[in-house]
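Novice: Take this structure, written in structure tokens, and hold onto it; I'll ask about it next.
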Amino acid sequence: MSYQQKFRLDGERAVVTGGGRAIGLCCTEALAEAGAAVVVIERSEADAEQALALRNRGYDVEVRVGDVTDAARMDAIATELADGGRPATILVNNAGIGQSGIPAQDLTDADWLRMMDVNLNGVFWCSRAFGRSMISMKRGAIVNLGSMSGTICNRPQPQTAYNVSKAAVHHLTRSLAAEWAHHGIRVNAVAPTYIETPMVVAVEANRERIPLWLADTPMARMGTPEEVASAVLFLASGAASLMTGAIVNVDAGFTCW
């Protein structure tokens, strides 16, 4: 097999949570372009419109409506795919929410629990649901969306709940990688820097923060969703066949300083 062919995903079936927008949409596009059939999980059909539009380019993209915090729904989708004869061989746990600017002492119980439910529980529910069929097949690749915030403490904005949720995702990644390696399943994560997404740009306070972020970044720029998706594609592909338990920084050098 040529080196270029190692990046191909022909015959694979990928599931991308939150795959209809921003980073998730780019992951959907990257995997589909590499030859995978992609199932996007979004909370509504409307959220998946851009992903479905990829069909116009000849890509195999389907949508399932569901919330990653609903473990039973994730189990049902995984079972449906497996019973239909095309179980997921790739899972990208992309769905997540952000939170910044709230001091720890002002976080409500609801703020904290919501962050953990989406960013951590959702990753585990999906990994467990789709991992079962991967275990049966003795192969699979899971890529989690972590964050550099799982390693460092951001400034100037306080974001304790988000940071903790992503640190937990990183260790969940390592734990599943160690436990499932003998099943032929690789589990890795990407840890992006600040990315130009609607979630980041829409926060008015970030207009003052961005110059400070860039001053803390060796490459002096934010990332793009496409750059994150490229790393996800690599980890999902055979080109990363010896990698498991890795947390890959896609951070413009932010964590170097």
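Every residue, even glycine, has its Cβ placed from backbone N, Cα and C.
As annotated in Swiss-Prot:
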- R21, A22, I23, D67, V68, N94, Y162, K166: NAD(+) binding site (BINDING)
- Y162: active site, proton acceptor (ACT_SITE)
Novice: Looking only at R21, K166, which of these binding-site residues has the biggest number of Cβ atoms within 10 Å around its Cβ?
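Specialist: Per the Cβ count within 10 Å, the most buried is K166.
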Novice: Considering all pairs of residues in R21, A22, I23, D67, V68, N94, Y162, K166, annotated in the record as contacting NAD(+), what is the maximal C-alpha distance expressed in whole angstrom?
Specialist: 20
Novice: Let me know how many other Cβ atoms fall within 10 Å of the Cβ of D67 (NAD(+) binding site).
Specialist: 18
Novice: Under 8 Å Cβ-Cβ from I23 (NAD(+) binding site), six or more apart in the same chain: what's there?
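Specialist: For I23 (NAD(+) binding site), the qualifying residues are N94, L145, P192, I195, T197, P225, V228, A229.
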Novice: Out of A22, V68, which of the binding-site residues has the smallest number of neighbouring Cβ atoms within 10 Å?
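Specialist: With the binding-site residues A22, V68, fewest surrounding Cβ atoms within 10 Å: A22.
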Novice: Take the Cβ of N94 (NAD(+) binding site) and count every other Cβ within 10 Å, whichever protein chain it belongs to.
Specialist: 32
Novice: Check each residue in the chain of Y162 (NAD(+) binding site) that is at least six apart in sequence and keep those whose C-beta is under 8 Å from its C-beta; list them in sequence order.
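Specialist: For Y162 (NAD(+) binding site), the qualifying residues are G98, Q99, S100, M115, N119, S147, S149.
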